[in-house]
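Below is one structure, written out as C-alpha coordinates; comments come after it.
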Amino acid sequence: MKFALVLLGVCAFYLVNATGDLETELEASELQELQEALDLIGETPLESLEAEELEEARKFKWGKLFSTAKKLYKKGKKLSKNKNFKKALKFGKQLAKNLQAGEEHEPGTPVGNNKCWAIGTTCSDDCDCCPEHHCHCPAGKWLPGLFRCTCQVTESDKVNKCPPAE
(Lines of atoms letter the chains of each structure in order from A and count residues from 1; the text may use other names and numbers.)
(Lines give C-alpha, C1' and ligand atoms only; values in the text may rest on other atoms or scores of the structure.)
Protein backbone atom coordinates (compact mmCIF):
# COMPACT_ATOMS: atom_id res chain seq x y z
CA MET A 1 0.00 0.00 0.00
CA LYS A 2 2.84 2.38 0.89
CA PHE A 3 4.66 1.49 -2.28
CA ALA A 4 1.58 2.19 -4.40
CA LEU A 5 1.11 5.59 -2.80
CA VAL A 6 4.77 6.48 -3.21
CA LEU A 7 4.64 5.36 -6.84
CA LEU A 8 1.50 7.40 -7.40
CA GLY A 9 3.20 10.40 -5.82
CA VAL A 10 6.30 10.03 -7.98
CA CYS A 11 4.18 9.67 -11.12
CA ALA A 12 2.05 12.66 -10.21
CA PHE A 13 5.15 14.72 -9.43
CA TYR A 14 6.67 13.71 -12.76
CA LEU A 15 3.48 14.64 -14.59
CA VAL A 16 3.34 18.02 -12.89
CA ASN A 17 6.96 18.74 -13.82
CA ALA A 18 6.61 17.33 -17.34
CA THR A 19 3.55 19.43 -18.03
CA GLY A 20 5.33 22.68 -17.15
CA ASP A 21 5.63 23.53 -20.84
CA LEU A 22 2.07 22.48 -21.52
CA GLU A 23 0.38 24.63 -18.88
CA THR A 24 -1.32 26.65 -21.56
CA GLU A 25 -2.96 23.50 -22.94
CA LEU A 26 -4.09 22.12 -19.58
CA GLU A 27 -6.79 23.83 -17.63
CA ALA A 28 -5.74 25.38 -14.36
CA SER A 29 -8.27 23.22 -12.49
CA GLU A 30 -6.58 20.00 -13.66
CA LEU A 31 -3.21 21.24 -12.45
CA GLN A 32 -4.81 22.25 -9.16
CA GLU A 33 -6.28 18.73 -8.75
CA LEU A 34 -2.87 17.16 -9.33
CA GLN A 35 -1.27 19.50 -6.81
CA GLU A 36 -3.98 18.69 -4.24
CA ALA A 37 -3.42 14.96 -4.77
CA LEU A 38 0.31 15.42 -4.17
CA ASP A 39 -0.38 17.43 -1.02
CA LEU A 40 -2.81 14.77 0.22
CA ILE A 41 -0.24 12.01 -0.30
CA GLY A 42 2.38 14.05 1.53
CA GLU A 43 0.06 14.69 4.50
CA THR A 44 -1.06 11.07 5.00
CA PRO A 45 0.76 9.69 8.07
CA LEU A 46 2.50 6.34 7.65
CA GLU A 47 0.88 4.98 10.81
CA SER A 48 -2.59 5.26 9.28
CA LEU A 49 -1.37 3.46 6.15
CA GLU A 50 0.03 0.62 8.27
CA ALA A 51 -3.26 0.40 10.16
CA GLU A 52 -5.15 0.15 6.86
CA GLU A 53 -2.84 -2.63 5.68
CA LEU A 54 -3.32 -4.54 8.94
CA GLU A 55 -7.08 -4.17 8.64
CA GLU A 56 -7.00 -5.53 5.07
CA ALA A 57 -4.90 -8.49 6.24
CA ARG A 58 -7.40 -9.23 9.02
CA LYS A 59 -10.30 -9.15 6.57
CA PHE A 60 -8.59 -11.55 4.13
CA LYS A 61 -9.99 -15.09 4.23
CA TRP A 62 -6.86 -17.04 5.12
CA GLY A 63 -8.80 -20.20 5.92
CA LYS A 64 -10.08 -20.42 2.36
CA LEU A 65 -6.55 -20.00 1.01
CA PHE A 66 -5.18 -22.71 3.29
CA SER A 67 -7.99 -25.15 2.44
CA THR A 68 -7.36 -24.63 -1.30
CA ALA A 69 -3.64 -25.22 -0.78
CA LYS A 70 -4.39 -28.36 1.23
CA LYS A 71 -6.65 -29.71 -1.56
CA LEU A 72 -3.95 -29.06 -4.16
CA TYR A 73 -1.37 -30.81 -2.00
CA LYS A 74 -3.61 -33.87 -1.61
CA LYS A 75 -4.22 -34.02 -5.39
CA GLY A 76 -0.48 -33.79 -6.02
CA LYS A 77 0.24 -36.53 -3.50
CA LYS A 78 -2.40 -38.76 -5.11
CA LEU A 79 -0.95 -38.11 -8.58
CA SER A 80 2.57 -38.87 -7.39
CA LYS A 81 1.48 -42.40 -6.43
CA ASN A 82 0.18 -43.10 -9.96
CA LYS A 83 2.71 -45.30 -11.84
CA ASN A 84 1.92 -43.85 -15.28
CA PHE A 85 2.34 -40.34 -13.94
CA LYS A 86 5.71 -41.29 -12.41
CA LYS A 87 6.91 -42.69 -15.75
CA ALA A 88 5.76 -39.61 -17.66
CA LEU A 89 7.37 -37.30 -15.11
CA LYS A 90 10.66 -39.21 -15.24
CA PHE A 91 10.65 -39.11 -19.06
CA GLY A 92 9.84 -35.38 -19.08
CA LYS A 93 12.60 -34.56 -16.61
CA GLN A 94 15.16 -36.55 -18.60
CA LEU A 95 14.08 -34.93 -21.87
CA ALA A 96 14.29 -31.45 -20.36
CA LYS A 97 17.73 -32.20 -18.91
CA ASN A 98 19.01 -33.50 -22.28
CA LEU A 99 17.67 -30.51 -24.18
CA GLN A 100 19.04 -28.04 -21.67
CA ALA A 101 22.50 -29.49 -21.15
CA GLY A 102 23.18 -30.70 -24.67
CA GLU A 103 24.51 -34.22 -24.92
CA GLU A 104 28.10 -34.33 -26.15
CA HIS A 105 29.40 -37.14 -28.31
CA GLU A 106 32.64 -37.79 -30.12
CA PRO A 107 32.87 -35.77 -33.32
CA GLY A 108 33.94 -37.29 -36.61
CA THR A 109 36.29 -34.34 -37.14
CA PRO A 110 37.01 -31.41 -34.83
CA VAL A 111 34.46 -28.61 -35.20
CA GLY A 112 34.62 -25.22 -33.50
CA ASN A 113 35.70 -25.96 -29.93
CA ASN A 114 36.24 -29.69 -30.68
CA LYS A 115 32.82 -30.51 -29.22
CA CYS A 116 29.59 -31.12 -31.03
CA TRP A 117 26.05 -31.41 -29.75
CA ALA A 118 23.51 -34.19 -30.13
CA ILE A 119 20.48 -34.00 -32.41
CA GLY A 120 17.69 -31.90 -30.92
CA THR A 121 20.03 -29.77 -28.82
CA THR A 122 19.69 -25.98 -29.02
CA CYS A 123 22.31 -24.40 -31.28
CA SER A 124 23.25 -20.94 -32.51
CA ASP A 125 24.99 -21.91 -35.75
CA ASP A 126 26.35 -24.93 -37.65
CA CYS A 127 29.61 -24.89 -35.64
CA ASP A 128 27.67 -26.00 -32.54
CA CYS A 129 26.54 -29.17 -34.31
CA CYS A 130 28.63 -32.14 -35.48
CA PRO A 131 29.94 -32.11 -39.07
CA GLU A 132 27.30 -34.64 -40.10
CA HIS A 133 24.52 -32.40 -38.69
CA HIS A 134 23.36 -28.83 -39.29
CA CYS A 135 21.70 -26.13 -37.16
CA HIS A 136 18.06 -25.78 -38.24
CA CYS A 137 16.05 -22.68 -37.26
CA PRO A 138 12.32 -23.14 -38.00
CA ALA A 139 11.47 -19.47 -37.39
CA GLY A 140 14.42 -17.94 -39.18
CA LYS A 141 15.89 -14.88 -37.53
CA TRP A 142 12.66 -13.02 -36.77
CA LEU A 143 11.38 -15.06 -33.82
CA PRO A 144 14.13 -17.17 -32.22
CA GLY A 145 12.63 -16.91 -28.74
CA LEU A 146 9.51 -18.83 -29.68
CA PHE A 147 11.02 -21.48 -31.95
CA ARG A 148 14.55 -22.40 -30.97
CA CYS A 149 17.22 -23.61 -33.39
CA THR A 150 18.25 -27.26 -33.00
CA CYS A 151 20.88 -29.61 -34.42
CA GLN A 152 19.29 -31.82 -37.10
CA VAL A 153 20.39 -34.64 -39.39
CA THR A 154 21.93 -33.20 -42.56
CA GLU A 155 19.83 -33.91 -45.63
CA SER A 156 20.67 -33.51 -49.31
CA ASP A 157 19.53 -29.86 -49.47
CA LYS A 158 21.06 -28.84 -46.11
CA VAL A 159 24.77 -28.86 -45.30
CA ASN A 160 26.93 -27.93 -42.34
CA LYS A 161 28.53 -24.63 -43.37
CA CYS A 162 30.99 -24.44 -40.48
CA PRO A 163 34.61 -24.23 -41.66
CA PRO A 164 36.79 -27.13 -40.46
CA ALA A 165 38.88 -26.49 -37.35
CA GLU A 166 42.53 -25.76 -37.94
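Glycine is no exception: its Cβ is also placed from the backbone N, Cα and C atoms.
According to Swiss-Prot, the feature signal peptide maps to 1-18.
Summarising the annotation, Swiss-Prot assigns region 'Linear cationic cytotoxin domain' to 59-99.
The domain 'Oxytoxin-type inhibitor cystine knot (ICK)' annotation in Swiss-Prot covers 113-166.
Residues or ranges marked as disulfide bond in Swiss-Prot: Cys116-Cys130 (among others). Of all Cβ atoms in the shown protein chains, 23 besides its own fall within 10 Å of the Cβ of Cys130 (disulfide bond).
Its Cβ placed at the centre, Cys123 (disulfide bond) has 22 other Cβ atoms within 10 Å. Residues annotated as disulfide bond in Swiss-Prot, with experimental evidence given as evidence: Cys123-Cys135 (among others).
Residues or ranges marked as disulfide bond in Swiss-Prot: Cys127-Cys162 (among others). Within 10 Å of the Cβ of Cys162 (disulfide bond) there are 18 other Cβ atoms, across all protein chains.
Residues annotated as disulfide bond in Swiss-Prot: Cys129-Cys151 (among others). When Cβ atoms from all protein chains are considered, those within 10 Å of Cys129 (disulfide bond) total 29, not counting its own.
In the three-state DSSP scheme, Cys149 (disulfide bond) falls into the coil class. Annotation source Swiss-Prot lists disulfide bond at Cys137-Cys149 (among others).
Of all Cβ atoms in the shown protein chains, 22 besides its own fall within 10 Å of the Cβ of Cys135 (disulfide bond). Over the domain 'Oxytoxin-type inhibitor cystine knot (ICK)' (113-166), the average per-residue pLDDT in this prediction is 72. In this structure the alpha carbons, written CA, of Cys135 (disulfide bond) and Cys149 (disulfide bond) are 6 Å apart.
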